[in-house]
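Asks: I grabbed these lines from TrEMBL:
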type	residues	note
DOMAIN	B:3-75	domain 'Glycine transporter'
DOMAIN	B:89-163	domain 'Glycine transporter'
TRANSMEM	B:6-21	transmembrane segment
TRANSMEM	B:28-49	transmembrane segment
TRANSMEM	B:61-80	transmembrane segment
TRANSMEM	B:87-107	transmembrane segment
TRANSMEM	B:113-134	transmembrane segment
TRANSMEM	B:146-163	transmembrane segment
TRANSMEM	B:169-186	transmembrane segment
Amino acid sequence: MFVLDLIGVFFFAVSGSLLAARRDFDIVGSVMLASLVGLGGGVIRDLVINQGVPNAFQQPLYVVPPLLAALAVYLHVFGVRRLRRTLLLFDAGGLALFCVTGTLTALESGMGAVTSVLLGLTTAVGGGVMRDVVANEIPQVFQPQGIYAIPAVAGAALTSLLWNLDWFNVVTGSAVAALVFTARGLSLRHRWRVPLAGRAGSGGMP
Amino acid sequence: MFVLDLIGVFFFAVSGSLLAARRDFDIVGSVMLASLVGLGGGVIRDLVINQGVPNAFQQPLYVVPPLLAALAVYLHVFGVRRLRRTLLLFDAGGLALFCVTGTLTALESGMGAVTSVLLGLTTAVGGGVMRDVVANEIPQVFQPQGIYAIPAVAGAALTSLLWNLDWFNVVTGSAVAALVFTARGLSLRHRWRVPLAGRAGSGGMP
Amino acid sequence: MFVLDLIGVFFFAVSGSLLAARRDFDIVGSVMLASLVGLGGGVIRDLVINQGVPNAFQQPLYVVPPLLAALAVYLHVFGVRRLRRTLLLFDAGGLALFCVTGTLTALESGMGAVTSVLLGLTTAVGGGVMRDVVANEIPQVFQPQGIYAIPAVAGAALTSLLWNLDWFNVVTGSAVAALVFTARGLSLRHRWRVPLAGRAGSGGMP
């Protein structure tokens, strides 16, 4: 599970470094943004669980994925074209892994089935919200292109269900993450939409 | 007190969903923004108090107000015209209730009279700041239209005073909240202003 | 050390009040922004350390620097011209002091040498990020003008080294802060740059 968590950190970190590149931040800003998005959600999760110092500040290994991500983006490992699309894919990978590992951490700390789902969702979307807010963009969870929170909450709920049935293991956990990733990816490709917040589209009204 | 807290969550949640409608977020984003503003201040408060898992992640009932708020806004229960004014009213309601319940929670956790006022103020303005920041607006507490922090800090101070005099109960607490709401509402209607941060209006200077 | 911490709070608070003046916030917003930037980083630090209520909510004296800062800016103590430059200087002072006191607090709470450096860096940059985010600016740590995180992380690492060698005291601590401040100031004056996040400058690509 620790490895899955680190991979999730790396995915989110790449999304942060790609956004840093798009915004012409320098490489130090790239490391900082990668760390914020990669570690931010987990720190919130650990603060809520309230069992000692958050993992990211206990285990120095957590700084490796952001450093690697910033280096990879600097070297154009993921190409320079279609940065935005690549960013969305890595973000989806982080979302998929964190809704599983976040929910699991909550369950293992003794939280209930429903509240663990909420904390898993918070973990999954929290880092990305911070990334977009500091880069002055509307966070993806609020952008009506594709679906974002729905696959995350579904993945968290599945994780909670599997865990309570004692069916949760690395294989089923990875399958849930793969499902979440696929749903998010399909929703972007086929531009799935859900209804707007106000029925008749009241946007722009005073 | 738990009921008053839930009502405060609902007021703030409506303000979040109304902002989501104005910004053409979808209904899932509406639920997320309603949750952020409704629960964010209380989570900060509980993290600071540091007595176990924050309420919003312990008591699943806390997700009901954001869901109701998003539904009500979707169905145009509050009308589609003058969204901004309705938003400000609901925000004032949340502010009024949270400066009372936030201060009370702090006092009951054993914090001092002054620091409880600070935490009550933080609880009252915290959720709204997060709502406006993620929607890319200048938070209301920083907008020089009407007064915002002053009624909140006055309500928190009154709550702290009443509690220390052993006069605090549901009736006096509700009266304080009503006072705060009235002061905030009057200040908006009559455009009360306080002096700018720099005496001579240094804004826009390099 | 408590005094150094209060001076750091004051430096950051002045930067917040100056930004409030530039943005034409009112004087209450000035106090709020000064408090956010002055106390925000330390509150994050104390939440991570997880040893009781954060200092800023335990020791009422912490509200004095933000009040003084807002008053000083209101009275134009620092002049009205070149607000931005003055803001950057005070911000550098806060950064320099907080990377030392933040790392020290982490070390004294029992955290390891590396993770204490990370928490010191987080403390030093956290308040400034929140200040810039709520005022709708790209945080300075992400702006490629001068270097920001590098002197902070170097100062945190030096603090950690000195502490582990038992050479840390008020004199050496102040020397480290002076070094960080000097490095940040020189980097602004001479426009030091580090490479961009993407090698060939991929900014603005789709």
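From the backbone N, Cα and C atoms, a Cβ is placed for every residue, glycine too.
TrEMBL entries are annotated by machine, without manual review.
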Asks: Do the transmembrane segment (B:87-107) and the transmembrane segment (B:61-80) share at least 3 Cβ pairs under 8 Å, sequence separation 6 or more?
Replies: no
Asks: Below 8 Å between Cβ atoms, which of the listed ranges B:6-21, B:61-80, B:146-163, B:169-186 makes the most pairs with the transmembrane segment (B:28-49)?
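Replies: Out of the listed stretches, B:6-21 contacts the transmembrane segment (B:28-49) most.
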Asks: What parts of the chain pack near the transmembrane segment (B:6-21), using Cβ distances under 8 Å and only residues at least 6 beyond its ends?
Replies: 29-31, 33-39, 41-42, 61-62, 64-66, 68-70, 72-74, 78, 83, 86-88, 90-91, 93-94, 96-98, 101, 127-128, 131-132, 135, 137
Asks: What does the DSSP secondary structure composition of the domain 'Glycine transporter' (B:89-163) look like, as residue counts for helix, strand and coil?
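Replies: Output for the domain 'Glycine transporter' (B:89-163) reads 60 helix, 0 strand, 15 coil.
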Asks: I'm checking region-level scores; what's the whole-number mean pLDDT for the domain 'Glycine transporter' (B:3-75)?
Replies: 95
Asks: Work out, from DSSP, the number of helix, strand and coil residues along the domain 'Glycine transporter' (B:3-75).
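Replies: Computed counts for the domain 'Glycine transporter' (B:3-75) are 61 helix, 1 strand, 11 coil.
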